[in-house]
């Protein structure tokens, strides 16, 4: 029995004040009922008109400064414009309000000192409140005043109101807690955003044959193969077995393609002239927009494509006008598969690519990202002070969400809520916490956002319509060992629209049916998943603002298949944990046979006699027993979602060198002596695994050799035994045979020998195929 993890690594149940206390009421009254309400003062600066000129030339470079106490936000400025339009929103957290008057000032941008143009003042006690779904507050024109309160020329259109984070203006607003961030790029990089993964397809290229190839070297048969390139994916067929100008392959190549299809599929037929020299015999480019899409296992029509021959004339490539050579192919975009871009253990989506094949959604998943506590300092600021600028990324299905970045806080409060449609309950939502290293002037922070930790929640482990409010430990494995980086506080609710539909899902295959009708090989799935993750990370890194490659790869568990001594040990002990139940049953039965507890053994004898005399009771008894076990275990059912378990992962007990090996690059960057030591260690462990696998194979081969006449005497004995047993079983009632066998197995220890039984001795003497191995 494993000891429980340390207290600090455990999940903690909480009781936050969600949705302004509306969590128990009708959840439709508030779209933000899973998070704590946060109050903000919103200022929307729309535009200005008739602003007076300030320079000698009478021109004006206007911008607006919104000031509340020590917090100050500014709009962009316009060159020489008296009627500018900004339409920018500023949000001041009510928790940090340091003044009772809001000051909105129009200024003129100047080289030396910005000139004052005019201002508008607001008393915070008179600011109206707005609660969605109320319509947005209409902006109004306000006459500018000078510092003495007298009216000036020029007007400013504003809207000022008090609201919560449920307001539509919240995601795009400038926030007072980000006052230290300068530059529009940096501001865009800290706002909350929703991203969508590109729609991925499998592209199947079935290369059948080519005709009338023109090889340049006479007197030899060309060794022809086809190379196919799509983006950064390159695959090739084997060399055709029939050497000639009409080669045949009939080989499938699989690619991952993403909408919109920007790059064509480029095919080149090449001749292996020498070991390291290939000559192109013809090329063709196929735009994917015109490729057939198939949604089932019916084959699409084949087509002939012309091969263009490229020749180099004076350093320039020119096409020959002849199209004598052709290639015969069947190309289709597979809509019936689900393109795997995540680890199969943590899939958040299992639907096929084609939307026509989607089933109806079975429910809704709502996630409230409340706050984090006790975060570690991730970087050092001026003066040697530690700092963390934390944000969260959540991924489920094709929808990714990123919260806003909370600047310089070890206890950030996000209180943002997001919703996803659910199509399968046996899926996982992943929530990652990161430190934003791209603030204060771009990429100074080392280029990559630091990983603070990750949480996974499997939907099938959640009760429907229950709100889970737990604080999850953020555990990260470092080369120095497992480390708690803080805690993240989440509120999760899985709402089921139809219980019948959800129960029906448990009878359906996990993946779309094409995966079973035309299965892909393990190596194909591995390479296709690698390509899919590369495409997703590249596309999301091109969004604005970008979701960086390192963040996407961490969320998609890229590299989780790499060798790790720690993971191997953890998986071994997981297998032992599964087998321990069978071993326990075996030990219990051995105790009964050896009469360790005579009362139990006598009861087993009575049950055994009843089941033999009334064999129709055997199956009902087994199922009734399983039912009773299930009802008994209901008392100890888990009341919280699963979370990272350091004991199960063997993260705490891992040796430092094992961790160093796990964090090593691929290929290795360590010195040769360390690599040699690790190789020797790997060989010793692999030798033990090899022995266990060999022993299992030996037992199977001994079973086969009972009738294979490999040992003629042993097979003759077994065949004679089978004949005698058949005659005895034919003339003796089954109940008598079963009773005698059972009583023999359950006999008292005084009738037992210490030596192994005759059948076991016979089985162990049977030959296996180990004699034939080198």
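Cβ atoms are placed via backbone N, Cα and C, with glycine included.
For the domain 'C2' (22-142), the number of residues in each DSSP class (helix H, G, I; strand E, B; coil) is 9 helix, 52 strand, 60 coil. The annotation domain 'C2' is assigned in TrEMBL to 22-142 (among others).
Taken from TrEMBL, the feature domain 'C2' covers 181-305 (among others). In the predicted structure, the domain 'C2' (181-305) carries a mean pLDDT of 86.
Feature annotation from TrEMBL assigns domain 'C2' to 346-472 (among others).
Beyond the ends of the transmembrane segment (572-589), by six or more residues, the same chain brings 648, 650 to within a C-beta distance below 8 angstroms of the stretch. TrEMBL lists 572-589 (among others) with the feature transmembrane segment.
For the transmembrane segment (601-634), same-chain residues at least 6 beyond its ends with a Cβ under 8 Å from one of its own Cβ atoms are 592-593, 595, 734-735, 738-739, 742, 746. If you look up TrEMBL, you'll see 601-634 (among others) marked as transmembrane segment.
Summarising the annotation, TrEMBL assigns transmembrane segment to 716-746 (among others).
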Checklist outcome for this item: Same-chain residues at least 6 beyond the ends of the transmembrane segment (716-746) with a Cβ under 8 Å from one of its Cβ atoms are 592-593, 601, 604-605, 608-609, 612-613, 615, 706-707, 762
Checklist entry - Per DSSP, what is the residue tally for the domain 'C2' (181-305) in helix, strand and coil? => result 8 helix, 64 strand, 53 coil
